[in-house]
Amino acid sequence: MILFPAIDLKNGQCVRLEQGDMARATVFNLDPAAQAQSFAAQGFQYLHVVDLDGAFAGKPMNAQAVEAMLKVVSMPVQLGGGIRDLKTIEAWLSKGIARVIIGTAAVRDPALVKEAAKAFPGRVAVGLDARDGNVAVEGWAESSQVTALDIAQRFEDAGVAAIIFTDIARDGLLKGINWDATIALAEAISIPVIASGGLASIEDVRTLLSPRAKKLEGAIAGRALYDGRLDPTEALALIGAAKAA
(Lines of atoms letter the chains of each structure in order from A and count residues from 1; the text may use other names and numbers.)
(Lines give C-alpha, C1' and ligand atoms only; values in the text may rest on other atoms or scores of the structure.)
Protein backbone atom coordinates (compact mmCIF):
# COMPACT_ATOMS: atom_id res chain seq x y z
CA MET A 1 0.00 0.00 0.00
CA ILE A 2 1.54 3.31 -1.10
CA LEU A 3 0.75 6.80 0.16
CA PHE A 4 1.74 9.23 -2.59
CA PRO A 5 2.40 12.85 -1.54
CA ALA A 6 1.19 15.21 -4.28
CA ILE A 7 2.92 18.18 -5.86
CA ASP A 8 0.71 20.16 -8.25
CA LEU A 9 2.57 22.68 -10.40
CA LYS A 10 1.22 26.03 -11.54
CA ASN A 11 3.52 28.77 -12.85
CA GLY A 12 6.51 26.83 -11.52
CA GLN A 13 5.13 26.81 -7.98
CA CYS A 14 3.69 24.11 -5.74
CA VAL A 15 -0.05 24.76 -5.34
CA ARG A 16 -3.29 23.05 -4.34
CA LEU A 17 -6.57 23.64 -6.14
CA GLU A 18 -10.11 23.25 -4.90
CA GLN A 19 -12.23 20.99 -7.16
CA GLY A 20 -9.73 21.47 -9.99
CA ASP A 21 -10.47 25.19 -10.30
CA MET A 22 -7.34 27.09 -11.40
CA ALA A 23 -8.86 30.29 -9.98
CA ARG A 24 -8.94 28.66 -6.53
CA ALA A 25 -5.25 27.89 -6.20
CA THR A 26 -3.31 28.22 -2.95
CA VAL A 27 0.48 28.45 -3.21
CA PHE A 28 2.14 26.20 -0.62
CA ASN A 29 5.75 26.34 -1.76
CA LEU A 30 7.54 28.57 -4.25
CA ASP A 31 10.19 25.86 -4.71
CA PRO A 32 8.77 22.48 -5.82
CA ALA A 33 12.20 20.84 -5.60
CA ALA A 34 12.47 21.83 -1.94
CA GLN A 35 8.98 20.42 -1.37
CA ALA A 36 10.00 17.15 -3.02
CA GLN A 37 13.07 16.98 -0.77
CA SER A 38 10.86 17.58 2.26
CA PHE A 39 8.59 14.68 1.31
CA ALA A 40 11.63 12.45 0.77
CA ALA A 41 13.01 13.41 4.20
CA GLN A 42 9.66 12.54 5.78
CA GLY A 43 10.03 9.01 4.47
CA PHE A 44 7.66 8.88 1.51
CA GLN A 45 8.54 6.27 -1.12
CA TYR A 46 6.83 7.54 -4.29
CA LEU A 47 5.99 11.07 -5.47
CA HIS A 48 2.89 12.11 -7.44
CA VAL A 49 3.34 15.23 -9.60
CA VAL A 50 0.83 17.03 -11.84
CA ASP A 51 1.65 19.79 -14.32
CA LEU A 52 -1.61 21.75 -13.99
CA ASP A 53 -0.70 24.30 -16.66
CA GLY A 54 0.20 21.40 -18.94
CA ALA A 55 -3.18 19.76 -18.38
CA PHE A 56 -4.89 22.88 -19.70
CA ALA A 57 -2.37 23.60 -22.47
CA GLY A 58 -2.17 20.01 -23.71
CA LYS A 59 1.63 20.01 -23.53
CA PRO A 60 4.28 20.18 -20.77
CA MET A 61 4.46 23.66 -19.21
CA ASN A 62 6.43 23.11 -16.01
CA ALA A 63 9.29 20.98 -17.33
CA GLN A 64 11.94 23.02 -15.54
CA ALA A 65 10.30 22.48 -12.15
CA VAL A 66 9.85 18.76 -12.79
CA GLU A 67 13.46 18.33 -13.88
CA ALA A 68 14.63 20.21 -10.78
CA MET A 69 12.72 17.73 -8.61
CA LEU A 70 14.21 14.75 -10.42
CA LYS A 71 17.70 16.05 -9.63
CA VAL A 72 17.15 16.21 -5.86
CA VAL A 73 15.13 13.09 -5.01
CA SER A 74 15.91 9.44 -5.66
CA MET A 75 12.40 8.09 -5.07
CA PRO A 76 10.29 7.26 -8.13
CA VAL A 77 8.09 10.03 -9.53
CA GLN A 78 4.83 9.61 -11.44
CA LEU A 79 3.83 12.58 -13.60
CA GLY A 80 0.61 13.70 -15.24
CA GLY A 81 -0.57 16.81 -17.05
CA GLY A 82 -0.19 17.62 -20.75
CA ILE A 83 1.03 14.15 -21.75
CA ARG A 84 -0.82 13.49 -24.98
CA ASP A 85 1.57 11.90 -27.46
CA LEU A 86 4.23 9.21 -27.61
CA LYS A 87 7.04 11.73 -28.08
CA THR A 88 6.19 13.45 -24.77
CA ILE A 89 5.92 10.08 -23.01
CA GLU A 90 9.32 8.99 -24.32
CA ALA A 91 10.89 12.31 -23.36
CA TRP A 92 9.68 12.17 -19.75
CA LEU A 93 10.61 8.53 -19.24
CA SER A 94 14.09 9.18 -20.63
CA LYS A 95 14.52 12.08 -18.20
CA GLY A 96 13.87 9.85 -15.22
CA ILE A 97 10.12 9.88 -14.65
CA ALA A 98 9.18 6.42 -13.37
CA ARG A 99 5.59 6.45 -14.60
CA VAL A 100 3.57 8.80 -16.79
CA ILE A 101 -0.13 9.42 -16.25
CA ILE A 102 -2.32 9.83 -19.32
CA GLY A 103 -5.62 11.60 -18.69
CA THR A 104 -7.38 13.47 -21.49
CA ALA A 105 -5.69 11.37 -24.19
CA ALA A 106 -7.00 8.19 -22.55
CA VAL A 107 -10.52 9.38 -23.37
CA ARG A 108 -9.80 10.94 -26.77
CA ASP A 109 -7.04 8.68 -28.06
CA PRO A 110 -7.19 5.26 -26.34
CA ALA A 111 -4.86 3.83 -29.00
CA LEU A 112 -2.09 6.03 -27.58
CA VAL A 113 -2.46 4.43 -24.15
CA LYS A 114 -2.31 0.94 -25.62
CA GLU A 115 0.72 1.76 -27.76
CA ALA A 116 2.55 3.43 -24.87
CA ALA A 117 1.74 0.66 -22.38
CA LYS A 118 3.09 -1.90 -24.83
CA ALA A 119 6.24 0.12 -25.53
CA PHE A 120 6.91 0.92 -21.86
CA PRO A 121 5.59 -1.93 -19.68
CA GLY A 122 4.76 -0.91 -16.12
CA ARG A 123 5.43 2.76 -16.79
CA VAL A 124 2.08 4.03 -18.11
CA ALA A 125 -0.88 4.84 -15.85
CA VAL A 126 -4.28 6.28 -16.72
CA GLY A 127 -5.77 9.19 -14.79
CA LEU A 128 -9.57 9.13 -14.61
CA ASP A 129 -11.08 12.23 -13.03
CA ALA A 130 -14.83 11.96 -12.53
CA ARG A 131 -17.48 14.61 -12.02
CA ASP A 132 -20.98 13.27 -11.30
CA GLY A 133 -19.83 9.86 -12.50
CA ASN A 134 -18.54 10.99 -15.90
CA VAL A 135 -14.89 11.50 -16.78
CA ALA A 136 -13.70 15.11 -17.16
CA VAL A 137 -10.96 16.13 -19.59
CA GLU A 138 -8.82 19.14 -20.56
CA GLY A 139 -7.67 19.82 -17.02
CA TRP A 140 -11.19 19.02 -15.75
CA ALA A 141 -12.60 21.94 -17.76
CA GLU A 142 -14.84 19.69 -19.86
CA SER A 143 -17.00 16.69 -18.98
CA SER A 144 -17.30 13.70 -21.29
CA GLN A 145 -20.27 11.38 -21.67
CA VAL A 146 -18.43 8.26 -20.51
CA THR A 147 -17.96 6.84 -17.03
CA ALA A 148 -14.68 5.97 -15.36
CA LEU A 149 -15.57 2.29 -15.53
CA ASP A 150 -16.26 2.53 -19.28
CA ILE A 151 -12.79 3.98 -19.86
CA ALA A 152 -11.01 1.65 -17.45
CA GLN A 153 -12.50 -1.43 -19.09
CA ARG A 154 -11.06 -0.36 -22.45
CA PHE A 155 -7.59 -0.88 -21.04
CA GLU A 156 -8.10 -4.17 -19.19
CA ASP A 157 -5.71 -6.08 -21.44
CA ALA A 158 -3.46 -3.20 -22.48
CA GLY A 159 -0.84 -3.55 -19.74
CA VAL A 160 -1.70 -0.28 -17.98
CA ALA A 161 0.20 -0.10 -14.67
CA ALA A 162 -2.50 1.67 -12.66
CA ILE A 163 -5.69 3.71 -12.78
CA ILE A 164 -5.62 6.90 -10.71
CA PHE A 165 -9.23 7.69 -9.87
CA THR A 166 -10.13 11.18 -8.66
CA ASP A 167 -13.52 12.40 -7.48
CA ILE A 168 -13.35 16.05 -8.58
CA ALA A 169 -16.13 17.10 -6.21
CA ARG A 170 -13.92 16.19 -3.26
CA ASP A 171 -10.51 17.24 -4.54
CA GLY A 172 -8.80 19.78 -2.30
CA LEU A 173 -11.77 20.07 0.07
CA LEU A 174 -10.63 17.64 2.80
CA LYS A 175 -14.01 15.87 2.83
CA GLY A 176 -12.58 12.37 2.70
CA ILE A 177 -12.07 10.08 -0.28
CA ASN A 178 -15.13 8.78 -2.13
CA TRP A 179 -14.48 5.23 -0.98
CA ASP A 180 -17.69 3.75 -2.40
CA ALA A 181 -16.98 4.85 -5.98
CA THR A 182 -13.24 4.14 -5.77
CA ILE A 183 -13.59 0.66 -4.31
CA ALA A 184 -16.42 -0.20 -6.72
CA LEU A 185 -14.12 0.68 -9.63
CA ALA A 186 -11.23 -1.34 -8.17
CA GLU A 187 -13.45 -4.38 -7.71
CA ALA A 188 -14.79 -4.18 -11.27
CA ILE A 189 -11.41 -4.24 -13.03
CA SER A 190 -8.11 -6.09 -12.74
CA ILE A 191 -5.91 -2.98 -13.12
CA PRO A 192 -4.58 -1.64 -9.78
CA VAL A 193 -6.46 1.50 -8.65
CA ILE A 194 -5.03 4.48 -6.74
CA ALA A 195 -7.50 6.64 -4.80
CA SER A 196 -7.29 10.41 -5.20
CA GLY A 197 -9.29 13.46 -4.19
CA GLY A 198 -10.27 14.44 -0.68
CA LEU A 199 -7.94 12.45 1.58
CA ALA A 200 -8.46 14.33 4.82
CA SER A 201 -7.10 12.55 7.87
CA ILE A 202 -5.51 9.49 9.41
CA GLU A 203 -8.97 7.87 9.27
CA ASP A 204 -8.70 7.78 5.48
CA VAL A 205 -5.34 6.02 5.82
CA ARG A 206 -6.95 3.48 8.16
CA THR A 207 -9.68 2.87 5.58
CA LEU A 208 -7.00 2.44 2.92
CA LEU A 209 -5.46 -0.32 5.04
CA SER A 210 -8.76 -2.04 5.83
CA PRO A 211 -9.93 -5.28 4.17
CA ARG A 212 -12.58 -3.23 2.37
CA ALA A 213 -9.88 -1.45 0.35
CA LYS A 214 -7.66 -4.47 -0.29
CA LYS A 215 -7.83 -4.05 -4.08
CA LEU A 216 -6.38 -0.53 -3.99
CA GLU A 217 -2.68 0.07 -4.70
CA GLY A 218 -2.64 3.22 -2.61
CA ALA A 219 -3.88 6.79 -2.27
CA ILE A 220 -2.70 10.30 -3.06
CA ALA A 221 -2.44 12.87 -0.28
CA GLY A 222 -2.37 16.57 -1.05
CA ARG A 223 -3.89 19.38 0.95
CA ALA A 224 -4.11 17.33 4.16
CA LEU A 225 -0.31 17.10 4.20
CA TYR A 226 0.17 20.80 3.46
CA ASP A 227 -2.44 21.90 6.00
CA GLY A 228 -1.01 19.66 8.70
CA ARG A 229 -4.21 17.64 9.10
CA LEU A 230 -2.35 14.47 8.19
CA ASP A 231 0.82 13.76 10.15
CA PRO A 232 3.21 12.05 7.70
CA THR A 233 5.08 10.27 10.49
CA GLU A 234 1.86 8.79 11.88
CA ALA A 235 0.52 7.86 8.44
CA LEU A 236 3.72 6.17 7.28
CA ALA A 237 4.10 4.35 10.61
CA LEU A 238 0.58 2.98 10.23
CA ILE A 239 1.33 1.78 6.70
CA GLY A 240 4.65 0.29 7.80
CA ALA A 241 2.98 -1.60 10.65
CA ALA A 242 0.34 -2.97 8.28
CA LYS A 243 3.02 -4.22 5.87
CA ALA A 244 4.89 -5.91 8.72
CA ALA A 245 1.78 -7.61 10.09
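A Cβ is built for glycine as well, from the same backbone N, Cα and C atoms used for every other residue.
Residues annotated as active site, proton acceptor in Swiss-Prot: D8. Sequence-distant neighbours of D8 (active site, proton acceptor) (same chain, 6+ apart, CB under 8 A from its CB) are C14, V15, R16, L17, V49, V50, L52, G222. In the three-state DSSP reading, D8 (active site, proton acceptor) counts as strand.
When Cβ atoms from all protein chains are considered, those within 10 Å of D129 (active site, proton donor) total 26, not counting its own. Annotation comment: Swiss-Prot describes D129 as active site, proton donor, evidence class sequence analysis.
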